[in-house]
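The next block holds one structure in the form of structure tokens; read it before the comments.
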Amino acid sequence: MANFKVSRVETTPFEGQKPGTSGLRKKVKVFIQPHYLQNFVQATFNALGADRVEGATLVVSGDGRYYSKDAIQIITKMAAANGVRRVWIGQNGLLSTPAVSAVVRERVGADGSKATGAFILTASHNPGGPHEDFGIKYNMENGGPAPEGITNKIYENTTTIKEYLIADGLPDVDISSTGVSSFEGPKGKFDVDVFDSTSDYLKLLKSIFDFPAIQKLLSSPKFSFCYDALHGVAGVHAKRIFVEELGANETSLVNCVPKEDFGGGHPDPNLTYAKELVARMGLSKTHSEPNPPEFGAAADGDGDRNMVLGKRFFVTPSDSVAIIAANAVQAIPYFSGGLKGVARSMPTSAALDIVAKHLNLKFFEVPTGWKFFGNLMDAGMCSICGEESFGTGSDHIREKDGIWAVLAWLSILAYKNKDNLGEGNLVSVEDIVRQHWATYGRHYYTRYDYENVNADGAKDLMAHLVKLQSSIDEVNKLIKGIRSDVSNVVHADEFEYKDPVDGSVSKHQGIRYLFEDGSRLVFRLSGTGSEGATIRLYIEQYEKDSSKIGRDSQEALAPLVEVALKLSKMQEYTSRSAPTVIT
């Protein structure tokens, strides 16, 4: 058993180590500066306090992006020096963000230990590689992201830090093979447990879904399936879950080998970046696929986001969470006793609101950031939730869960087709969505992302939109001058949320313009980029006339798009004539 000592290393603060909605994200070149990662990790330990750190069991893993393996060794040595009792690492350092949450909540070590928190190494859907992004965030004992009270303390600590602790004489741990390594330090024993990345997560998923029913669907010659992990960490789980457990053909899996640079691609599951899946599903504008699969899905880099596609058909994330909620009690055993409530992020379309009203469910509209859902779930107030940014989940964990969302859709398809896998036509993804629209109305919806724009220009644009809200009459005059066929604005505000659980107030969460016909425009600065500013513009047109729910989305949204761009003076403030990404 190797012995180690504790070294105190002098350091000075770095500017800008403020965690965003999902931790600290910067370019790799920033993170590899001497002391940079160490400062943030020590600031986190200091924010948690000795009572939460000494004797703790911490999970340290991530999406496998470039610099992850080095970071795991650094954090492990710092954990040892700060009195942590044991560190759990997924094999090869790989654990999807939802799997980390599952491990924190569900895994029991051989010695009966339970995890008390986690460092997740990910920049989510941002590109990876030596010249791209790296990220780190801390999750609490409930498996969810640290609340603002903790992240604010972390940031404060980064501005005053003078030293960090690291184990001297602790060797690098082999994370490529499972097993426990034990060491001895000034405060006693320290263990590093490298474990199988999928087992605990799979066990939880099998307790939620009817795997035999999904297996029956996937084994039907009438049904075809495609899953694209975009070379992210979800690929580690995909083979085990979809192929080995559910019997899908291995050829159904695309880009399921995790890579440090995500194969040079952008691991964001949307119609712009998931090009190979989009083409295979018959939705490419340049390539015509003669016989697309019945169902397709994609994941992002850390496996918490999802995109769901039918044959030549895209399901918006806003519709996806609404449809899952509408069908969950019948199709998913975990929810057979009923839903406690549902929630969506503010920019997400109001499709879920309509379902909640029809089904008499508790409903919550929260700021962007999964921690707000976590509070509701911990209080037993919410079962299913979602964000328009391709994140969907439930109270089985405290993170969004891309594979859970795919299994939820497969469960709905299995339920709808339980009597016609032999004879008759399959009920398709498109059939399910169109039936939903016929019942609840359709929320035509799109998001325009303006990435890496000048930060000052972005702030000026938002200030302009807030100023406009002082007179709704003036806003409506401007709108009628742009498009006379657009409904009147009846309410405009800067979204503010008071948490019903802990009473905390989150201000400046986005600018809303709400229209008389149920349509909305939302403008928001995103905190997920690593440099510059990202403006997100959300455009939503509600249509309850069943004769008008089959229109082309771009055509239906065109009037509101024109109003949004001219009202905000988007080009004037950003110098951009078009968005970076449209979803």
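The backbone N, Cα and C atoms fix where each Cβ goes, and this holds for glycine too.
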Annotated region 'Disordered' segment (source TrEMBL; candidates 1-20, 121-140, 301-320):
1-20
For the region 'Disordered' (1-20), DSSP counts of helix, strand and coil?
0 helix, 9 strand, 11 coil
Intrachain residues whose Cβ lies under 8 Å of the region 'Disordered' (1-20), provided they are six or more past its termini:
26, 33, 35-36, 38-40, 43, 80-81, 137, 146, 151, 154-155, 158-171, 182-186, 190, 527-528
